[in-house]
Amino acid sequence: MGLLSDPVRRRALARLVLRLNAPLCVLSYVAGIAWFLALAFPPLTQRTYMSENAMGSTMVEEQFAGGDRARSLARDFAAHRRKSGALPVAWLERTMRSVGLEVYTQSFSRKLPFPDETHERYMVSGINVYGILRAPRAASTESLVLTVPCGPDSTNSQAVGLMLALAAHFRGQIYWAKDIIFLVTEHDLLGTEAWLEAYHDVNITGMQSSPLQGRAGAIQAAVALELSSDVVTSLDVAVEGLNGQLPNLDLLNLFQTFCQKGGLLCTLQGKLQPQDWTSIDGPLQSVQTLLLMVLQQASGRPHGAHGLFLRYRVEALTLRGINSFRQYKYDLVAVGKALEGMFRKLNHLLERLHQSFFFYLLPALSRFVSIGLYMPAAGFLLLVLGLKALELWMQLHEAGVGPEEAGENPPHPLTQGVGLASLVAPLLVSQAMGLALYILPVLGQHVATQHFPVAEAEAVVLTLLAIYAAGLALPHNTHRVVSTQAPDRGWMALKLVALIYLALQLACITLTNFSLGFLLAASMVPAAAITKPSGPRALYAALLVLTSPAATLLGSLFLWRELQEAPLSLTEGWQLFLATLAQGVLEHHTYGALLFPLLALGLYPCWLLFWNVLFWK
């Protein structure tokens, strides 16, 4: 305490902090990036293991042999769908009843905030069909779900056929202790969201749907199935859900275990598991898989129908059958046996999956990184903001202790305080720009289409870009209404507030969605740390623009396609960027994705504060 209360010692400490601040910031940032890249290497990545005792063994005998029946049902489903041009509801009801299920339907409709040009829909209406297999020796208190989403562009007929064949097989067994729901949804995720809201008796997204006539018990787990062919070469698993949620790791371990038992080739992010971890090739491949997962999770999009189940505390994942040019081929019997084994082990659960991890990263399907090992990477990046904030705080309270004059002239007492009222104008204008970015694009789409020859979706995107660009011109003029008696201390105080604001936002985001928080911190922290109104202003401005939220999104798209070995040209990248903007706004209003409001209401206004600091006069 004497060190802080003694003015002489306090100034000495301030000089030391100011002198070492820049190298400490550089070291901390490099340590954060290096720690993240090291997560793909064996010292930090661990082998997956089963934590739930009820699923610790695969000693079940899979008896499914309905491959021919599944193919026949798939052909019938595809034929009826082509004939009707929509989901063949009557055929599904008749077929499900024939195998002994309780069959119910649910109609739903949804008017999107603006037309979805990717899927070519605006006024959406459809019907979900589901059948319930009642457990013969239980009171319908718990249930499992096998769902097949059917979109307008892909029929997913093989998955429907396999699901119905599995229902017929499950109906003949007597060991079920949980109800099993076989669900076929129309319009992909819209149908899934309508069914989930009705099942849990909530209305989160404004979906109009009929109430469910039949219910089972509380849903313990769900599996979404997507098959593109009668023959698959591998099963790819998707785990990323809405707003970056992940299923319990034991559910993924269960899938991998039965794939290994049945000899099925399983992939993650479309990548095979590294075989040789002793050479550099294995860790490099795991770095690619890790980056792909981080980019997918950071987007906040549900990468499959399972992603919407996670919001209701239902552990779920999506299995996609891939038919490529690989040598080994598997028919529907092999896939059906893997699903049968998974459901039989889930049937043994006495409580919800909870013993394994909910926060993790996957550099490979057989390896994971726990939250305790990956959080230091973000911590090092956020430490840079803390160090810069501490430097500004000391400069504001210890006049004349700058690095250039430390130790020469004795500090003189402060003659001018920093009025907090001087920060009100830039804070209010920046936050108002973020509010306009969030509200006006959807509300003003009809006005834009009346005055300009553009469609509604194009009007939303163009309004987004226009407001985003307008923010570059407005905030840096707000300081003209501020007292100019102490201009240096004015921008320092504003930057101090901006640093604290950014650090709090990134810390909160990182706790819930590490991937999003880390990507934003890796891109925004360097520019936020070095921005000031003196020095090479053009260089600082270029760096700020290149690390803005929009530029980070654009760069992430290019990196994502590069890692998928499908690189984009500049024109293709820009078109994908515009489509992603429209989808981000649409998914926020349709499913409740939080990426758009986080960027518009939080990070964009905060970034404008640094832009304000740069052009402070």
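Placement of Cβ uses the backbone N, Cα and C atoms for every residue, glycine included.
Here's what TrEMBL has on this protein:
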type: TRANSMEM; residues: 20-41; note: transmembrane segment
type: TRANSMEM; residues: 357-385; note: transmembrane segment
type: TRANSMEM; residues: 418-440; note: transmembrane segment
type: TRANSMEM; residues: 452-474; note: transmembrane segment
type: TRANSMEM; residues: 494-527; note: transmembrane segment
type: TRANSMEM; residues: 539-560; note: transmembrane segment
type: TRANSMEM; residues: 594-616; note: transmembrane segment
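Outside the transmembrane segment (494-527), and at least 6 residues removed from its termini, the chain residues within Cβ reach (under 8 Å) are 29, 32-33, 36, 243-244, 293-298, 300, 359, 361, 371, 374-375, 377-378, 381-382, 384-386, 388-389, 392-393, 396, 423, 426-427, 540, 543-544, 546-547, 549, 551-552, 555-556, 595, 598, 602-603, 606-607, 609-610, 612-613, 616. Sequence-distant residue pairs (6 or more apart) of the transmembrane segment (418-440) and the transmembrane segment (452-474) include at least 3 whose Cβ atoms are under 8 Å, placing the two stretches in contact.
Long-range contacts of the transmembrane segment (20-41) within the same chain, counting only residues at least 6 positions beyond its ends with a Cβ under 8 Å from a Cβ of the stretch, are 283, 286-287, 289-290, 361, 363, 369, 373-374, 376-381, 383-384, 387-388, 390-391, 518, 521-522, 525-526, 529.
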